[in-house]
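So the structure is just underneath, and the comments pick up after that.
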Amino acid sequence: MSAVNTPADFNDYKVADMSLAAWGRRETFIAESEMPALMGLRRKYAAEQPLKGAKILGCIHMTIQTAVLIETLVALGAEVRWSSCNIFSTQDQAAAAIAAAGIPVFAWKGETEEEYEWCLEQTILKDGAPWDANMILDDGGDLTELLHKKYPAILDRVHGVTEETTTGVHRLLDMLAKGELKIPAINVNDSVTKSKNDNKYGCRHSLNDAIKRGTDHLLSGKQALVIGYGDVGKGSSQSLRQEGMIVKVSEVDPICAMQACMDGFEVVSPFIDGVNDGTEASIDKALLGKIDLIVTTTGNVNVCDANMLKALKKRAVVCNIGHFDNEIDTAFMRKNWAWEEVKPQVHKVHRTGAGAFDAQNDDYLILLAEGRLVNLGNATGHPSRIMDGSFANQVLAQIFLFGQKYADLSPAQKAERLTVEVLPKKLDEEVALEMVRGFGGVVTQLTKTQADYIGVTVEGPFKPHAYRY
């Protein structure tokens with residue numbers, strides 16, 4: 001898509017401001033130059049058109065990088081309808097650029113919960129009736145859940161869903177275990193070129209950026225507590241350490257806790273002896289009373305609960321880089337404490353009660369992005385080079401599932417293929433190779449003798465399925 005050239009009669013969209021489209025297009029051009037894997041897939045599959053006939057319902061953060069993803073899907077033959085998976089994550093110039101290209105999109109930064117639900121519905125509906133979609137691309141699982149609960153008939157012709165995040169994958173696995181999942185899914189999140197890039201290196205880049213944009217604080221010498229040490233927690237801990245913070249980590253998984261120790265982080269618990277009995281008496285107030293910044297990274301619920309929030313140091317910064325706002329008990333904060341907006345997505349939450357507050361009061365917490373994704377609420381998320389790997393995985397996963405034609409199978413065949421699986425390793429390696437080439441790197445090829453010696457082919461895949469990178 002080379003220019004802003006909206007069809008005169010096109011109105012199948014809702015964005016904040018169409019005058020931002022030219023700006024969004026300029027930023028998209030820059031992003032394309034930083035996304036070699038995605039652009040490589042456009043070139044590689046342009047003639048083949050592997051997504052011709054695909055009608056994709058997409059729900060993922062409507063950023064500049066997502067604009068490149070959307071236009072790659074379209075370039076490979078797909079039709080799409082799009083919304084954002086987070087009320088604060090849309091970059092309005094990106095949404096405008098996509099609408100200007102004649103692609104249905106329903107997203108703007110600062111949606112209410114009701115508007116968010118409306119946007120999801122508009123993704124599904126065309127001219128007031130369910131669109132004849134046959135593929136889903138999701139981030140977090142809200143779109144997938146809505147289709148299963150409210151529009152199950154659509155799923156009869158859907159070949160599958162590709163899911164971007166840890167949270168969404170958990171929801172899919174739960175649905176599968178309960179017998180509720182009606183279509184196969186590709187777990188894009190656990191592709192190596194997604195989890196090690198997006199979750200780890202992306203958070204390493206974007207977390208400190210968001211905190212500094214939101215607060216203008218110097219982070220050096222201050223104490224941080226990172227809740228969780230999975231890939232997101234690892235990247236987040238590195239992000240804060242490289243700013244000079246004294247970083248402590250809280251974990252429930254002994255293996256991840258061991259990794260944190262080996263990486264040089266002190267493993268602590270906000271609860272005395274690690275046990276949360278639901279009372280304030282179980283809180284390690286001495287620890288939390290020294291914490292200047294707390295970051296949740298888990299994808300789990302209430303990992304920063306009301307009792308922890310009560311015990312935190314005055315004026316501490318609280319934020320989340322997991323998925324939903326329920327990692328932090330923001331419901332308790334809204335019910336019991338007064339909120340003062342400093343600027344969009346930055347609030348002073350006064351712990352002196354729910355009524356009027358004294359602006360000079362110093363017993364407050366600084367909450368970023370209302371407990372939602374801080375890197376997209378207070379900044380622009382991961383850089384294009386990081387999202388290149390994630391979105392190249394999405395494209396290959398869409399091609400793979402669309403080619404499997406699940407909706408056309410017999411009931412017996414469907415029963416066999418109703419799974420939640422990661423992308424085949426060979427495709428993961430294809431993404432990685434394009435990314436390495438984008439850096440100007442050269443990958444060494446095995447000789448036939450070397451390949452035979454370790455039991456692989458010269459072309460790969462090079463590692464067994466269970467290999468942990």
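Residue positions begin at 1 at the first shown residue.
For all residues, glycine too, the Cβ spot is worked out from N, Cα and C.
Sequence annotations record features per position, and here Swiss-Prot assigns substrate binding site to THR63, ASP139, GLU164, LYS194, ASP198. Of all the Cβ atoms in the protein chains shown, 27 others lie within 10 Å of the Cβ of ASP139 (substrate binding site).
Listed in sequence order, GLY140, GLY141, GLY299, GLY322, HIS323, PHE324 are the same-chain residues at least 6 apart in sequence whose CB falls under 8 Å from the CB of THR167 (NAD(+) binding site). Marked as NAD(+) binding site by Swiss-Prot: 165-167, ASN199, 228-233, GLU251, ASN300, 321-323, ASN375.
Each of the binding-site residues GLU164, GLU251 was scored by the other Cβ atoms within 10 Å of its Cβ; the lowest score goes to GLU251. For the pair formed by GLU164 (substrate binding site) and GLY230 (NAD(+) binding site), distance between Cα atoms is given as 16 Å, rounded to the nearest Å. Between the CA atoms of LYS194 (substrate binding site) and VAL232 (NAD(+) binding site) there is a gap of 11 Å, rounded to the nearest whole number. Across the structure, GLU251 (NAD(+) binding site) and ASP198 (substrate binding site) place their CA atoms 21 angstrom apart.
Annotation: VAL232 are the binding-site residues among GLY228, GLY230, VAL232, ILE321 whose CA atoms are within 10 angstroms of the CA of ASP198 (substrate binding site).
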